[in-house]
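Everything below concerns the one structure shown next.
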Amino acid sequence: MSGKGAPELSVRNVGDLRVAVIASQWHDKVMDGLVDGALRALHELGIDEPTLLRVPGSFELPVVAKVLAGRGYDAIVALGVVIRGGTPHFDYVCQGVTQGLVQVSVETGVPVGFGVLTCDTEEQALDRAGIEGSSEDKGHEAVTAAVATAATLRSVSEPWR
């Protein structure tokens, strides 16, 4: 199980954060689970009006994240799924998406929750999608990570008393 050793994050007083979720459209059953998990996590954190945007595929996530980071969002969550095929396309997409999202976060100071599944099989993706029978909920985890990081950034930018 890849989730072994995951931290238990405690996130409080974040209901005022502006959070955007960007989700790709490939592999709709997996994506529906990821989006549902992300929205559920936001609701549990008291963030009831997130922005939800859809993009064609995972490769489009970084450019939309970059624009949103410049529009006052406190955290962004990128959701997608890339499943290995018989060509190097998988490697190029995974590397481009990962590098692009990290670059957005580092350059803008806005945390980007990484909820992009990079799997060898559809079964692996379904097992991480947060749907019935899944062992993990990566949409929920990506939100928690992004919001927890935004809360940390907010705490270090506030004046010390």
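The backbone N, Cα and C atoms fix where each Cβ goes, and this holds for glycine too.
For Ser58 (5-amino-6-(D-ribitylamino)uracil binding site), the Cβ neighbour count at a 10 Å cut-off comes to 28, with all displayed protein chains included. Per Swiss-Prot, 5-amino-6-(D-ribitylamino)uracil binding site is recorded for Trp26, Ser58, Phe59, Glu60, Val81, Val82, Ile83, Phe114, and the stated evidence type is sequence analysis.
What Swiss-Prot lists as (2S)-2-hydroxy-3-oxobutyl phosphate binding site is Gly86, Thr87, Arg128. When other Cβ atoms within 10 Å of the Cβ of Gly86 ((2S)-2-hydroxy-3-oxobutyl phosphate binding site) are tallied across all protein chains shown, the result is 6.
Here Swiss-Prot flags His89 as active site, proton donor. Within the same chain, no residue at least six positions away from His89 (active site, proton donor) has a Cβ under 8 Å of its Cβ.
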Remark   = Ordered by sequence, the long-range same-chain Cβ contacts of Phe114 (5-amino-6-(D-ribitylamino)uracil binding site) under 8 Å (at least 6 apart) are Ala78, Thr98, Leu101, Ala142, Ala145
Remark   = CB neighbours within 10 A of Glu60 (5-amino-6-(D-ribitylamino)uracil binding site), counting all protein chains shown, number 18
Note = Here the Cα-Cα span from Trp26 (5-amino-6-(D-ribitylamino)uracil binding site) to Gly86 ((2S)-2-hydroxy-3-oxobutyl phosphate binding site), rounded to a whole number of angstrom, reaches 17
Task = Measure the Cβ-based neighbour count of Arg128 ((2S)-2-hydroxy-3-oxobutyl phosphate binding site), defined as the other Cβ atoms within 10 Å of its Cβ.
result = 26
